[in-house]
Amino acid sequence: MARSNEVNLNECKMVVPLNTWVLISNFKLAYNLLRRPDGTFNRHLAEFLDRKVPANANPVDGVFSFDVLIDRGTSLLSRIYRPATAEEPQLNVAGLEKPVTAEVVPVIIFFHGGSFAHSSANSAIYDTLCRRLVGLCKAVVVSVNYRRAPENRYPCAYDDGWTALKWVNSRPWLQSQKDSKVHIYLAGDSSGGNIVHHVALIAMESGIDVLGNILLNPMFGGQERTESEQRLDGKYFVTLRDRDWYWRAYLPEGEDRDHHACNPFGPNGRSLEGIKFPKSLVVVAGLDLIQDWQLAYVDGLKKAGQEVKLLYMEQATIGFYLLPNNNHFHTVMDEISKFVVSDC
Amino acid sequence: MKRDNNHLQPNPDPSSSLCGGSSPGKANLWEEEATQQDCGMDELLAVLGYKVKTSDMAEVAQKLEQLEEVMCNVQDDGISHLASETVHVNPSDLSTWLESMLSELNPPSFDPFGAAGKTAPMGTLDDPFLGGPAESSTLTTLEFENNNRKHQKRGQQIFEEASCSDYDLKAIPGKAIYSQNTRTQPQTHDSSSSSTLNNVKSEKRLKSTSGSHSDIFPPPPAVSYGIPTDSVRPVVLVDSQENGIRLVHALMACAEAVQQNNLNLAEVLVKQIGFLAISQAGAMRKVATYFAEALARRIYRLYPQNPLDHSLSDILHMHFYETCPYLKFAHFTANQAILEAFEGKKRVHVIDFSMNQGMQWPALMQALALRDGGPPAFRLTGIGPPSHDKSDHLQEVGWKLAQLAEKIHVEFEYRGFVANSLADLDASMLDLRPSEVEAVAVNSVFELHKLLARPGAIDKVFSVVKQMKPEIVTIVEQEANHNGPVFLDRFIESLHYYSTLFDSLEGSVSSRDKVMSEVYLGKQICNVVACEGVDRVERHESLTQWRNRFGFAGFSPVHLGSNAFKQASMLLALFNGGEGYGVEENNGCLMLGWHNRPLITTSAWTPANKTTATSTITN
């Protein structure tokens, strides 16, 4: 067994920069420690190991941030990122929620990844990513600190996402000047990508317009074992075993992976034909073992006549968007910036 | 490939991002590239919270691979103990963290007589410790001795909450300080020398064993990694109500008017605030009221009277202690660090700069009493300000602690020092014993910042502390910068800070406790806003600033680990179900926050030139 692991590690190192390899391998190692075979999760150690950063009302590289308690009952926090304006060097608490001034300001509601169990809005990796998105899209970014599994199963993450969306939609200070409406986009990676889909669905059905969905390596699955899962199992940081663990932790007890949360176009899913649904940008990493499910998702959208653009990054592994040291990163960032402003 | 660089960090050479073939020489290729580059920290990882030198990257990768391999070969149990029993420390320092886990899984041979252990001479435990006479005219000394030398423990259940005649010295349950493994079976203390060498710990300790690792990472320069060191302003908005915002506007405007010395305008505004505050509810109203009062005092130059009578001050402090977890967290985490620093020591001496009612010490004493191999002889020196009513409050506190010590069979000695300022202390006053004989811990909870009001005071205290040759110095401070040179900045900072703090009090069960706590905090607000010069003692500074101060003064950090983190987190669950509170680890320090806004920080230090104090007979 050791021998084939050796091969895996070497292959893995060939396709990512060394510091990326170190970063993701470190996560993999830490996460192995946190998942218990009985399905429980070592939350204290997880919080101890997670590298966090505080919000910062002082602009850094043109972006400032602050946390907002959106729902006291569930302690639902979100971190808001805004572009700093030249004329407001000293921001006080009254100025944080100052109205946006541009004709059109996209508001991106972001759901961090972590397979529903890991990370937070104030995790350093996601704080960094959200800050990038502000500059990239000239947007306000709202990063939702949704409740995590296994302590909080389906549908908590979606409920929190929906609560945050309603909150965003009702902020006068987030309305674009052009039409006094909030221009909402949803974005997320891994489990966050999954949340994007489901929250968009709830939104559209409730009459709140979402202008676009951005799904980065979204987390989907199903009971069947697909070709990519078998071929890539354990090869690039991720194993089927850990994927299964996370679904068991998130889905209601007793449910299998054909539950519609996991497999939205599967046997328990529903067709989106004829439903008004946002345009989608779906990014799939060619070395991600769940790509068959992600591609099936794209197919499901297409078959339902929904607008979707697929970005298939052949040599990309999970987490490539966390560090700006590879071509996939830049390609994807370019596409995101085009996607978000294209309806202006 | 077109790159949009507007928002991105400087990109490294693209060729360095691609890897070579699968030959064994691959590692060398990276090493080569690494040495050609800047030997500093990898910037990209630093932004994400990990400190890895570029030149160490290949080695870190190797460690990760080794761990992966070992973990594959080891049974599931082997890994699970890494998660449940191992104490993790400072995960930002990847190299050291990985190394610790590797040695965990491949332990080196255990050498109980090795150089790492310091054996304290057993000496004669029966020496009476008589206190010396009073020293300088500014200080008086009060002493107590506990003549109980019994070290035998009888029976299992000994340590009920010791209660004294007047009130309970409420303590965090002693067991909270212990991880699950520690055997609670009391052992008879054997005064033969072999007992010191048998400190085989069931708990695995992982630490940065030398100060050098922490020396590698000096405070980051001002413009780096996206986070300027002295100007991070964390803000959490807990109340988005319309009235709340108008109130804040008015407070800001008033403070600005004061800043510009436009006192007529300020006067008008401060009255407006009064009206607005009435219509507001909850924490916002109270905070606004305190800030308005403080502004009024500043405008009308009605500076606060002399410090409150001690008994009232004590009562407020007690209520604050009960209502919310801040003081308990402070005591708990500091005690944990002290306990670990005192491992294996036979005689210990705690010097407490923040004695108050001595609420921190029952828990430590109980933990020491339960220690494997029996408790050390425990000496406590408590320092506090003079009381106005001539009562010997420090004496009373010492007496109560002595009674507790007697109950739990801990040899105890106490001395109280009254001092107007910590800077009045000299090491010679404290009757320090040689460090091989008696290990020293210095403790300061919410006291150090007061020294910043007088030039030179903090430096004097740092120097005196070093003379004490402490194993550890535990510091708890407010996590905020309320000491900037510009009044308006301080006002804004403290408004954010106390709004968050007051919000956390809202969930308190007892409304009387809540009110008292608010009064307690209100005094601080008044001091920050209305006072100046030597009177303004609430000069809170952030962890980054304290790190700089301690670093320049010649101290190295001692890291608090995952065991302290976990137990502190569990402690929080006792308050309002823990909702809203959170513990965060920051490069070996622990922070307690409300809704992700850090509010207080516990850090630990040791003089830099000391060889590793806490002798680690690590397993």
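Even glycines carry a Cβ here, placed using N, Cα and C.
Nobody curates TrEMBL annotations by hand; they come from automatic prediction.
The range from B:264-296, B:396-428 that TrEMBL describes as region 'Leucine repeat II (LRII)' is residues B:396-428. Here TrEMBL gives motif 'VHIID' for one range in the set B:68-72, B:168-172, B:348-352, B:488-492: that range is B:348-352.
Under DSSP, residues within the region 'VHIID' (B:317-382) fall into helix, strand and coil as 32 helix, 12 strand, 22 coil. Residue counts for the region 'Leucine repeat II (LRII)' (B:396-428) under DSSP (helix as H, G, I; strand as E, B; rest coil) come to 17 helix, 7 strand, 9 coil.
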